[in-house]
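Pulled these features from TrEMBL for this protein:
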type	residues	note
SIGNAL	1-20	signal peptide
DISULFID	30-47	disulfide bond
DOMAIN	61-211	domain 'Cupin type-1'
BINDING	105, 110, 115	oxalate binding site
BINDING	108, 110, 115, 157	Mn(2+) binding site
């Protein structure tokens, strides 16, 4: 009998641990509100009555070439929950990335998703940097047509076209809304700007360098 009660207690403990977690966030933040009458957002999107769903809710047409005529020479075309409403709650999305010769998808992170990238055309130099606790190690690889590489969730990563022609890749992401933070844009192009006192100390450069960088136009390729 003691063994029976011990087993029941163990199962109850395991059950409480299994359910004691928060769902992964599907946007940058969701501020709690006590007055539900003025609440305007949930974690994800509200759901359509499943009886009213149709094939168009799960369809996206024309994932064609993106316009790479920009300072970075790259274009990211996302297909996430905003493009396919049927992706809501399914935890996946993808993006097509087009590269002009020497085009760059600059250092960025996806705060809510791991990325797996496959090269369809061309040659890409790709890499990611680990966290501070792992001494910011750089992992890189040169990918050719048909090669696949994984960028773990939240880590800074990049892709550079090192071939002689255009390049194309498809990225799968483990979130319906993985988000993207382009490092240069966020640090030097934030609105309002981050204090130059903060950035000069952080980067150990003169204030004139920071002011120059903050005056640049930081292009968003997605």
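Keep in mind that glycine also has a Cβ here, set from the backbone N, Cα and C atoms.
Keep in mind that TrEMBL annotations are predicted by a computer and have not been checked by a curator.
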Among the binding-site residues listed here (105, 108, 115), which has the Cα closest to the Cα of residue 47 (disulfide bond)?
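Its closest listed neighbour, by Cα, is 115.
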CB neighbours of residue 110 (oxalate binding site) within 10 A?
24
If I take the alpha carbons of residue 110 (oxalate binding site) and residue 157 (Mn(2+) binding site), what is the distance between them in whole Å?
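A Cα-Cα distance of 9 Å.
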Provide, as an integer number of angstrom, the distance between the C-alpha atoms of residue 108 (Mn(2+) binding site) and residue 115 (oxalate binding site).
12
Between residue 115 (oxalate binding site) and residue 157 (Mn(2+) binding site), find the distance joining the two CA atoms and give it rounded to the nearest Å.
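Pair distance, Cα basis, whole Å: 10 Å.
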Any same-chain residues 6+ apart from residue 105 (oxalate binding site) with CB under 8 Å of its CB? Would you list them in sequence order, or say none?
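In sequence order, 72, 74, 76, 97, 99, 158, 159, 160, 221 meet the Cβ cut-off.
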